[in-house]
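Annotated features in TrEMBL:
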- 26-47: transmembrane segment (TRANSMEM)
- 53-72: transmembrane segment (TRANSMEM)
- 93-117: transmembrane segment (TRANSMEM)
- 129-146: transmembrane segment (TRANSMEM)
- 158-176: transmembrane segment (TRANSMEM)
- 229-250: transmembrane segment (TRANSMEM)
- 271-295: transmembrane segment (TRANSMEM)
- 311-333: transmembrane segment (TRANSMEM)
- 354-374: transmembrane segment (TRANSMEM)
Amino acid sequence: MEKAAGSPSVGGSYPQKNAEILSSQYGINLFLAGLLLTFAWAVHAVGISKSHLLSYLITLMLIQLLWMLWYLCRSCTQRRLIRDKDTHAGARWLKCGITLFAVITLILDSFKIGYYIDFSNCLSPTEGIFPVTHAVHTILQVYFLWCHAKDIIQSFKTLERFGVIHSVFTNLLLWTNGVLTESKHQLNEHKERLITLGFGNITIVLDDHAPQCNCTTTTLCSIFSQGIYYLYPFNIEYHILASTMLYVLWKNIGRQVEHHQQHKTPFKFHGITVGMGFGLIVLTSTIAIVVVYLIQIGRSKIKSELALTMFYLHAIFVLALMCTAGIVALLIYRLEDRSLDNSKNPARKLDAELLVGTAAGSWLLSWGSILAIICAQAHPKYTWYNLPYSVLVIIEKYIQNLFIIESIHREQEKVNDDIKTLRIVTISRGSTLSLTPSYKEIYNGRATCDSGEVPCLFRDSICGRENGGGGGGAKEETSLENSSVMHSAPDFSFYSRNLVTNNKRRILKNIAAFLFLCNLSV
């Protein structure tokens, strides 16, 4: 009987697993085809032009638009149904962040449209269609993620898996295209800086695929062509955030969730003045350093070397502060006796994997810099500042990842039984202590008392009065005196523990605020 009862669930899991594998393979092949097209265009492969790459990306975006419209229409017809939600997915700060990046991405698309209009004589029509399609795609996708990022899809699961994974890899390809375009521009600028610093033996020729015709309006063309590259970082962040949110949605398809109460902790700025203050000082100084660096770099060899030295010294100071803050936070966690939440959750698992994955890029650059310094024949003065900078980048990422991963896996603090007992005793004795319990806690305390399972702390003082009310005034007075004496110990213990916990929490909040602003600076 047990085998027969369990067989349907086991058999039913195979189609879901197969759909997950098939959809993931479809997405990977979609991505690889686009990746090869991108690299072929970048190296000027014969027969591959930018119009081919843009046509492929436009097709992928149109397919995703059709799927999102179908999903939104189906959701509107079923809006009265109660759906499961993943409370860890699609956090509000994440939605606000992706909205900000999307707005700047729309500005980038408008610049591209203006650039196409000015160079329309020698650009293919796909370069004008692409930014228009991308703008529509951005607006609808942000709306979709605001409304449905937390959904746990339980119907049309096979079809939805293919639709969501198509959206994931479409955003990854758009991200790759943005990274490649910006990287080529940055490499050109880096080449110019190296020539200024005296490295005249550079023979690498980089091509930005500039149009081979004159612009109709010279001033506007200059604004559009230069402004586009300053906006690409926001476009890159937008697509990587969208792909991660869609990936969590894909992992949640068909997932069974436990229906338990979720405790939401509102974020408050109270108590983080110190961390915000120091963080703002670091951020302000960083902006000033970057402005001076951009003004001085490339003007002459001496000014460029001074700008690089200033940049490295400031970065070393900031990274040292971040390392110290991270170590203090980890020490506070070591002093706390709280278990970790190891339950399966796609959003939290992806957070940890992305932290380590993105840190690997910084580690690779740092080890490359260390190797270059060791193996270089000439060692200008400013290069030696790069050595501690690279070492601190490796250490800081390591410490900060430990702090963040442990933070997202720590269980929420539960109310201790002694605190619940103290609250009930306080109410029963009419104390003036400013403890405001919930009705549920009072009810649970009363129910425990009635069932006989009462802590010895107030068994005589409360239950004695309710169950044995005719026992005489002397007995009641004795029990109240005993309760008053025994109340002082847990009262002091509660306040001391509460004070220590609040101090630790305040320090951790300040460290988190400081590290947040420092990461913006870096």
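From the backbone N, Cα and C atoms, a Cβ is placed for every residue, glycine too.
Within the chain, the transmembrane segment (158-176) has long-range Cβ neighbours (under 8 A, six or more residues past its boundaries) at 15, 19-20, 22-24, 26-28, 30-31, 34-35, 38, 57, 60-61, 63-64, 67-68, 70-71, 134, 141, 236, 239-240, 242-243, 246-247, 249-250, 253. The transmembrane segment (53-72) makes no contact with the transmembrane segment (311-333), as judged by fewer than three Cβ pairs under 8 Å among residues 6 or more apart in sequence.
When Cβ distances are compared across the two stretches, the transmembrane segment (93-117) makes contact with the transmembrane segment (129-146), since 3 or more pairs at least 6 residues apart fall below 8 angstroms.
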